[in-house]
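Student: Can you read through this structure? Questions will come right after.
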Amino acid sequence: SCSRKGPKFVEYKYMAGSAQYCEHKNMKFMIGSNFIDFDDCTRCTCYNHGLQCCGIGANAGVFGVPGCEAVNDHCELVFLKKNTDQLCFIN
C-alpha cells in the first residue's frame, strides 16, 4: 500500500517566491529525489504534488502460504513453517 503527504514550501529570503520540497521524518528532500526507508520498509519519491511512499518487501502487500507464516527480515519477506525457524521455501 502507499501513503501520500502534500508538498512543503519555504519562502526565499532574498528572492521572490518559494522553494518546494518534501519532508519525511524531519528530513527535507528535493523534488525528483527518491529513497528507501528501511525502518518502515517503504520506497519514497518526492514529486511536485508531494511525497509518495509505498511498501516494499514485507510491507508490499499481504498474502498467505498454507502452513507457513510471513516474517519481516530487514524488509525482506520470509516464510517460515508455523511455530518453527525453518524456511518454507529455499531458493
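Quick reminder: no glycine exception, Cβ is built from N, Cα and C everywhere.
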Student: Identify which of CYS2, CYS75, CYS88 is listed by Swiss-Prot as the disulfide partner of CYS41.
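Tutor: Here Swiss-Prot pairs CYS41 in a disulfide with CYS75.
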Student: So CYS68 is in a disulfide according to Swiss-Prot. Which of these is its partner: CYS46, CYS53, CYS88?
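Tutor: The record-listed partner cysteine is CYS88.
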Student: Looking only at C-alpha atoms, tell me how far CYS88 (disulfide bond) is from CYS53 (disulfide bond), rounded to the nearest Å.
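Tutor: Between the alpha carbons of CYS88 (disulfide bond) and CYS53 (disulfide bond) there are 30 Å.
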Student: How many whole Å apart are the CA atoms of CYS44 (disulfide bond) and CYS54 (disulfide bond)?
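Tutor: The separation of the Cα atoms works out to 6 Å.
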Student: Which entry in the list of disulfide-bonded residues, CYS2, CYS54, CYS68, CYS75, has its Cβ near the fewest other Cβ atoms, using 10 Å as the limit?
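Tutor: CYS2, out of the disulfide-bonded residues CYS2, CYS54, CYS68, CYS75, has the fewest neighbouring Cβ atoms within 10 Å.
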